[in-house]
Amino acid sequence: MSETITVNCPTCGKTVVWGEISPFRPFCSKRCQLIDLGEWAAEEKRIPSSGDLSESDDWSEEPK
């Protein structure tokens with residue numbers, strides 16, 4: 001028998017079974033999934049970067 005894997009919902013912390021029984025995994029519900037999406041869209045969450053964000057200053061559409 002295989003062991004049932006569970007994770008915590010990243011939004012509310014509720015336990016979620018990792019499998020086809022949970023269509024919104026790792027979220028417990030569509031609501032928690034949409035809350036998380038909204039946080040990313042509002043830039044409340046971001047992936048840390050070690051690079052300098054000013055790299056785009058060197059980009060130009062005009063040939064040098």
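Placed from the backbone N, Cα and C atoms, the Cβ positions cover glycine too.
The shown structure was predicted, so the numbers you read here are calculated from the model rather than taken from an experiment.
Annotation comment: Swiss-Prot describes CYS9, CYS12, CYS28, CYS32 as Zn(2+) binding site. Sequence annotations record features per position, and here Swiss-Prot assigns region 'Disordered' to 45-64. What Swiss-Prot lists as compositional bias 'Acidic residues' is 54-64.
What Swiss-Prot annotates, mapped onto the structure for a quick look.
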residue	record	Cβ within 10 Å
CYS9	Zn(2+) binding site	19
CYS12	Zn(2+) binding site	13
CYS28	Zn(2+) binding site	21
CYS32	Zn(2+) binding site	19
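Other residues of the same chain near the Zn(2+) site, with their Cβ within 8 Å of the Cβ centroid of CYS9, CYS12, CYS28, CYS32, are PRO10, THR11, GLY13, LYS14, VAL16, PHE27, SER29, ARG31.
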